[in-house]
2 protein chains.
Amino acid sequence: MVAQLEYVNRVKTQTENEVLTFTFDQLLLQRGGRLAPVTLAYETWGELNATGDNAILVAHALTGSSHAHDVEDPENPKAGWWNPLIGPGKYFDTARYFVICANIIGGCYGSTGPSSKNPLTDRPYGMRFPVITIRDMVRAQYMLIKHLGVRRLAMVAGGSIGGQQALEWAVAYPDLVEKVAVIAASAAVTAQAIAFNEVARQSIMADAAWQCGDYLPNQGPATGLSIARMLAMITYQSEESMEQRFARKQAQREPVTTPTFSPDLGGRFDVENYLYYQGDQLARRFDANSYLYISRAMDLYDVSEGYPSLEDALERIQSQMLFVGISSDFLFPATHVRWLADKVQAVGGDARYVEVNSPHGHDAFLKEWDKLTAALRQFSL
Amino acid sequence: MVAQLEYVNRVKTQTENEVLTFTFDQLLLQRGGRLAPVTLAYETWGELNATGDNAILVAHALTGSSHAHDVEDPENPKAGWWNPLIGPGKYFDTARYFVICANIIGGCYGSTGPSSKNPLTDRPYGMRFPVITIRDMVRAQYMLIKHLGVRRLAMVAGGSIGGQQALEWAVAYPDLVEKVAVIAASAAVTAQAIAFNEVARQSIMADAAWQCGDYLPNQGPATGLSIARMLAMITYQSEESMEQRFARKQAQREPVTTPTFSPDLGGRFDVENYLYYQGDQLARRFDANSYLYISRAMDLYDVSEGYPSLEDALERIQSQMLFVGISSDFLFPATHVRWLADKVQAVGGDARYVEVNSPHGHDAFLKEWDKLTAALRQFSL
């Protein structure tokens, strides 16, 4: 992995949103093959200090992007996916830290992914994109932080697949990371989580518009991707939160078209209308093949892969570790997050576990701002 | 509702499996419209006594049939869906009781459903089949038991949608039922259950082979129905049981073709192979439109519908009620089953609650034979 010398010197505070890119020549992949070249789209906030050790990397989840923070609309939780946590005086304090977020490889927000042009064919990769893993994503991020002049990361943090990346950072680059916050993520996902992901993927691939992955831009499998998202949204919430919000209410708002343009069968429940809306929104903004590859990376991730045992992997960790579980999360059960924290402690690591008590399920890491900040503050920055 | 006079006198013990049918002229439906004529496919075991009060009705779940018991293979749990509970000396003792099971309307195992011929067009109903409810299913069963000469049911029992039917029997025909066992069912399903069902239905309707419901026999949306079944199988189990059985094991058995004939992406987990198999099996044996209508009846069911309040509905109950919740059921959470038992008690009903402690999730009502028998035995027959 050799970085191209298109070094971008970015140490000034941004006043407007700007997505930058960094391209390097190749990445050899954990499961074989390589990706070449590799572009990462990224954003930064705050300034890197002279010693290059005040950088924080935040890692996004499945359908996220580099836009964790919005400098033009910093108080709006919807303008950047971790907006309430990032900014001057916030937990990820951009007055003191240089915060970096990059779109993961496999993504569709500027980084190399299945919708990127395959240089060998000059057409989008589609399903000729190689299988990528969380470790591959992290190794690409490593190239980026070196490129940015970061000598040591003050922290890596993320939730869900972002949490898997944070954990992988601690294991893959133990001497480069001071602190790591793993939120709503565990050593490896459950059989149930794999099962839900596979149903979502089959839904995408069942859509005739998928064309074995060779759909044209904006002509992708919108129906299949919408259905996949409907399912995913259930797994991101909880029985309790859905009951609080929807229960058995009939649709309250204007009816949204269903993914299949089907008529309602005996009325429409509000929860259905909500899911159609969420499905439609994702289908408009996200690439279906990226969904396949990234959700698969989530399934495949096992922090122990490539080491003789889980203990061997965890013994590598030198960072201070914070594990945050969410009480109602059924995609990454809190018991699994706590179990991992205990494992790290058991091999002599510096790990603490905090549980966010929330009815919002997995999604709490993108919703429970106060509780999340409180959990993170147990881990001083 | 007038029964046709094709009365079948069946009071002798069967020695071979036989599915009978009963047809009556019409059923006016709860949500409007009518079904005419209506055929029920049914099986019986044991003999009806002279006073017509030793009959037991068992009600099947979503993809079930009248074949609750197999007289030719009585010890095989797979030969009839409640085989271990039915037979001479078993809980539903066919030496003493006349046990009846009928395919529900909307089904595809001989009763009138979407795949039946619409007499107005001489072609299958498809999506011209009317919306049916649990109450409609029960009212059709009422016609059958009258036809069979039953004066009073000693018991009605069922799990899941079968449990909804049992509950509805207690409310709709309070003076006709001595005892009712409601297993893994509640007053109404949760928003989460509706959401899972709707994802399954959208998967079916997304399949081009669905043809707006007008597919030919054996040319239906096998891909969509397989995906729907994959999802449903997750909701019938539990995180714990899937972890015990599959964890993150790679596929152990011969690979099953995926619903979309897609290649594997980075290997195949055993849980995936299992789900492909289950999906394929259902697609071979079940009608996709029946799946749409019956799952919708499950969503729509609310025991209080048509009454001023839930209490008004439950006050009608005169039967002895047994509610059985399953500790790990997340489709019909045990807390909801217990809550309903408490409600029945609160309005003066005779209700008891038993919890089956099992990791098998919702499916425990088709698996945990000893625990289920023990739970039912608290309710003497």
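Every residue, even glycine, has its Cβ placed from backbone N, Cα and C.
Under the heading domain 'AB hydrolase-1', TrEMBL lists A:55-366.
Secondary structure at A:SER160 (active site, nucleophile), taken from DSSP and collapsed to helix, strand or coil, is coil. The active site, nucleophile annotation in TrEMBL covers A:SER160.
The annotation substrate binding site is assigned in TrEMBL to A:ARG229, A:ASP363. Counting Cβ atoms from all protein chains shown, A:ARG229 (substrate binding site) has 28 others lying within 10 Å of its own Cβ.
As annotated by TrEMBL, active site applies to A:ASP329 (among others). Proximity of A:ASP329 (active site) to non-local residues of its own chain (separation of 6 or more, Cβ distance below 8 Å) is seen for A:ALA184, A:SER238, A:GLY361, A:HIS362, A:ALA364, given in sequence order. Classification of A:ASP329 (active site) by DSSP places it in coil, neither helical nor stranded.
Summarising the annotation, TrEMBL assigns active site to A:HIS362 (among others). Secondary structure at A:HIS362 (active site), taken from DSSP and collapsed to helix, strand or coil, is helix.
Here the domain 'AB hydrolase-1' (A:55-366) has a mean pLDDT of 97 out of 100. Taking only the Cα positions, the spacing between A:ASP363 (substrate binding site) and A:SER160 (active site, nucleophile) is 9 angstrom. Within the same chain, the residues at least 6 positions away from A:SER160 (active site, nucleophile) whose Cβ sits under 8 Å from its Cβ are A:ALA61, A:LEU62, A:ILE183, A:ALA184, A:ALA185, A:MET298, A:LEU331, A:PHE332, A:HIS362, A:PHE365, listed in sequence order.
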